[in-house]
2 protein chains.
Amino acid sequence: MRYYVVLRTLGSVSWLLAGFMFVPLLVALYFREPLYVFAVPLTIILIFAYLLTFFFKEKEKEWNNKEAIFIVASTWFVAAVFYAIPYMLEGVPLINALFESMSGVTATGATALTDIESHSKSLLFWRSMTQWLGGMGIIMLFIAILPKIGVAGRQMFRAEVPVLKEEKLHPRIRETAKNLWLIYFVLSIVEFIVLIMAGLSPYDAITHTFTSISCAGFSPYSFNIAAFNDPVVEMILLFFMFLGSVNFALHYKFLLTDRKNIFMDEEFKFYFSIIVSASLVLAYTLFRTDVYSLIDAFRYSSFHVVSILTTTGYATVDFNLWPDSSRFILFLLMFIGGCAGSTSGGVKAVRLLLLLKHANNILFKTIHPKAVTPVRLNGTMVPEGIINSIVSFMVVYIMIFFASSTLLSLLGMDFITSLSASIATLGNVGPGLGLVGPIEGYAAIPDLGKLILIANMWIGRLEVFTVIVLLLPAFWKN
Amino acid sequence: MRYYVVLRTLGSVSWLLAGFMFVPLLVALYFREPLYVFAVPLTIILIFAYLLTFFFKEKEKEWNNKEAIFIVASTWFVAAVFYAIPYMLEGVPLINALFESMSGVTATGATALTDIESHSKSLLFWRSMTQWLGGMGIIMLFIAILPKIGVAGRQMFRAEVPVLKEEKLHPRIRETAKNLWLIYFVLSIVEFIVLIMAGLSPYDAITHTFTSISCAGFSPYSFNIAAFNDPVVEMILLFFMFLGSVNFALHYKFLLTDRKNIFMDEEFKFYFSIIVSASLVLAYTLFRTDVYSLIDAFRYSSFHVVSILTTTGYATVDFNLWPDSSRFILFLLMFIGGCAGSTSGGVKAVRLLLLLKHANNILFKTIHPKAVTPVRLNGTMVPEGIINSIVSFMVVYIMIFFASSTLLSLLGMDFITSLSASIATLGNVGPGLGLVGPIEGYAAIPDLGKLILIANMWIGRLEVFTVIVLLLPAFWKN
Ligand SMILES: [K+]
Ligand SMILES: [K+]
């Protein structure tokens with residue numbers, strides 16, 4: 001690894017990280033709130049960026065695999081560290097600030113704040129905005145960076161090749177990334193306008209636009225979306241969470257080329273059928289156990305299925321109070337996530353779909369040993385290497401899930417808290433069950449546990465491999 | 001599928017199933033207990049066997065894949081159905097009897113009896129004996145049948161090839177199977193004698209020999225091994241559970257050829273290191289939370305780690321009362337299981353080991369895209385097909401685990417009960433946590449739930465594929 005290349009790029013990234021912070025500074029100015037909350041970290045980041053670009057002048061556009069992986073992993077890490085400062089300046093303890101900050105930039109939405117409303121409006125605005133920026137970064141990661149490096153994201157890109165290539169969508173990655181950002185931006189503006197029309201204040205509209213299209217889940221209110229108690233707002237947010245969780249290459253396709261064939265995409269069909277069937281089952285459990293009327297059962301089930309499956313993590317009621325059968329379904333959904341190339345987290349529907357197809361093929365081979373049955377997606381053969389990559393991803397993912405659950409339980413957390421906190425952070429969902437429900441947040445987790453969960457968010461958001469390979473000794477050998 | 005072949009074989013198997021039942025008949029005679037409990041089912045099975053062999057005379061020694069799979073799956077099913085009759089004749093309701101019977105022949109050890117001591121000594125003898133027979137059947141399955149058919153077990157056999165082939169161990173499978181049965185038989189006799197020497201009554205010694213060497217877990221006492229409260233008995237049982245969970249090809253090797261190199265076997269080393277590290281961690285959780293003194297913490301932790309990891313499911317205390325951190329470790333161990341080619345259930349250590357190696361390889365490839373790194377076991381390259389087979393096994397296994405957990409939770413079971421009952425039956429462990437702990441048993445599960453768990457035991461014991469392929473439409477096409 002050429003360290004000058006890595007540090008130079010980190011310097012360039014830091015200018016960008018600093019630049020974003022002018023926005024909350026203006027918001028603080030508008031609300032007449034203390035400016036130092038943002039001015040101090042802004043200054044620190046600017047100094048950091050200046051020093052790096054001053055000492056490492058040599059620009060390099062071609063990174064090798066290791067360098068690219070290190071740059072991606074450290075970008076999110078550095079962002080989380082710097083962006084923790086505003087929380088600390090408003091009195092949040094170090095670990096909690098780092099937790100909140102990582103939860104922001106990874107668009108996880110798990111909160112360690114004990115009294116959300118006690119913080120300044122500008123900080124809560126910034127808290128939501130970091131998630132919107134995180135969402136942007138994730139799309140870029142999927143579409144532009146991961147496919148270039150050999151990370152598990154690669155297969156996702158290849159899986160998208162049928163869409164991207166056949167349609168002769170812009171062949172240059174930089175161009176593609178720009179277009180998808182544009183879609184993200186336009187969708188955000190549309191959502192903002194619709195929320196304003198639904199009666200939300202501009203502040204509420206923008207903070208919730210930030211955290212729904214990015215499948216992120218922060219809200220300036222401790223009661224989260226329950227603060228509005230408005231079915232129209234819920235439906236709008238549901239719709240935009242859903243849009244955020246769909247492959248942005250499909251958005252592009254839908255907007256610019258083919259309006260019908262989007263429903264032919266196998267991942268999309270698979271994902272959509274999970275939403276519908278899970279909503280039905282969840283509504284059944286809620287209705288049968290007399291929690292809600294039939295209509296309310298559907299209202300709350302569809303919202304929370306979409307919220308959890310898109311890995312947004314919004315809540316319109318405290319689902320932690322639901323019976324175990326209902327909570328179990330939410331727990332299951334945390335393992336799935338949205339589509340690849342979206343802002344959602346989790347394992348992603350396409351990985352599960354390909355894994356199921358692969359398993360089915362091998363089963364078939366048990367009966368017909370000589371059958372040759374390659375896995376196909378959207379009619380195109382999926383190379384063996386991609387299947388292997390997905391398998392490896394799943395193995396490492398499940399390992400991390402079990403390891404972090406075990407560590408939490410060793411720290412004294414109960415069964416449900418350990419399991420759900422692990423998957424809710426690793427899958428970038430946000431709220432879990434037990435001690436870490438949507439109302440409780442993560443304040444009850446001991447500091448050591450919070451550090452584990454911070455790592456989970458970081459690892460999960462960067463598609464596991466990007467962080468985990470840093471642990472291989474081979475990574476650090478030349 | 002040629003039905004006459006299948007039915008003829010099932011007929012021959014039924015003669016055997018009937019033959020075994022003369023033993024409890026003698027035991028009932030000895031204890032002067034009612035004979036009809038065994039005489040009635042014995043007569044029924046004899047009629048069944050006679051009818052099948054009368055109508056289907058044509059013998060066939062060469063089965064194709066489908067036929068072999070169907071014969072294996074239906075053998076365990078038919079055994080479970082017939083062997084349920086004695087329980088029913090002692091007043092156990094149909095579903096509970098079926099549950100107990102399936103739990104017997106699959107060596108699971110989950111019990112649905114509400115008052116074990118209320119049953120006749122001969123029935124409880126028979127209950128343990130079915131597990132010993134089941135354990136025998138499982139070894140035969142692994143060593144002689146699964147490798148012949150293309151079932152997931154095949155890879156296990158191939159994984160053993162380094163042992164079996166290099167040493168020019170008997171090349172003919174029938175011969176191998178016979179030798180391994182002999183080891184099983186001899187180990188059982190040794191254990192029986194040792195238990196007698198430790199002061200157990202012949203009845204206690206034989207029933208617990210039956211259920212420890214087979215990693216099965218039934219006991220004629222509702223307090224299970226806690227009934228003895230004797231550290232020496234515990235250590236003897238621990239040792240023989242462990243022996244039962246080791247690949248029987250290794251036993252053969254150890255006894256007849258190479259006494260040192262057994263510790264070179266990678267699966268064995270991996271398995272052993274899990275036992276040691278899990279025992280240490282579990283002891284730590286028990287000591288730290290003031291459940292036991294340091295010595296007792298080690299005594300109970302080592303016994304229950306071995307009991308759960310070997311998938312025996314014995315208990316010397318009610319581990320369901322332990323703190324969540326301790327229970328979580330037992331829950332994790334339920335996903336692992338013993339070595340391939342042993343009487344233990346679960347995923348098996350070698351599958352996990354190969355999966356970890358595979359995942360590590362792919363991770364390495366992320367950094368060095370051009371590296372060629374085949375998976376090796378004991379120095380031999382593991383073919384791609386075996387890795388694929390393991391992956392497919394794991395996917396289907398996890399799917400069934402989640403599906404049955406979901407169904408249980410929909411039936412109103414709580415989180416911990418749903419999760420632990422699923423894996424404890426699918427992994428053929430026996431007792432779980434929550435409502436299905438070692439003292440409680442499975443009586444509290446509703447009938448529909450019991451049927452699901454009966455299916456789990458059946459599927460888990462026959463290495464998943466053998467049962468699951470029956471669900472593929474392709475299986476029933478000619
Ligand atoms: K989220
Ligand atoms: K067992």
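Using the three backbone atoms N, Cα and C, a Cβ is placed for every residue, glycine included.
TrEMBL lists A:12-31, A:37-56, A:68-89, A:132-151, A:180-200, A:236-256, A:268-287, A:299-317, A:329-347, A:386-411, A:423-445, A:451-476 with the feature transmembrane segment.
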Which of A:68-89, A:236-256, A:451-476 contacts the transmembrane segment (A:268-287) most, counting Cβ pairs under 8 Å: A:236-256
Distant-in-sequence neighbours of the transmembrane segment (A:37-56), which means Cβ under 8 A and at least six residues beyond its ends: 4, 7-8, 10-12, 14-15, 17-18, 21-22, 24-25, 28, 82-83, 85-86, 89-90, 120, 122-123, 126
Cβ-Cβ under 8 Å with the transmembrane segment (A:423-445): same-chain residues at least 6 beyond its ends: 96, 99, 103, 106-114, 215-217, 222-224, 308, 311-313, 315, 318-320, 327, 330-331, 334-335, 337, 344-347, 397, 400-401, 404, 408, 411, 413-417, 453, 456-457, 459-461
When counting Cβ pairs under 8 Å to the transmembrane segment (A:68-89), the leader among A:236-256, A:299-317, A:386-411, A:451-476: A:451-476
Beyond the flanks of the transmembrane segment (A:451-476) by at least 6 residues, Cβ under 8 Å: 1, 66, 69-70, 72-73, 76-77, 80, 95, 98-99, 102-103, 106-108, 110, 134, 138, 141, 146, 151-153, 345-346, 393, 396-397, 400, 404, 407-408, 421-422, 425-428, 442, 445
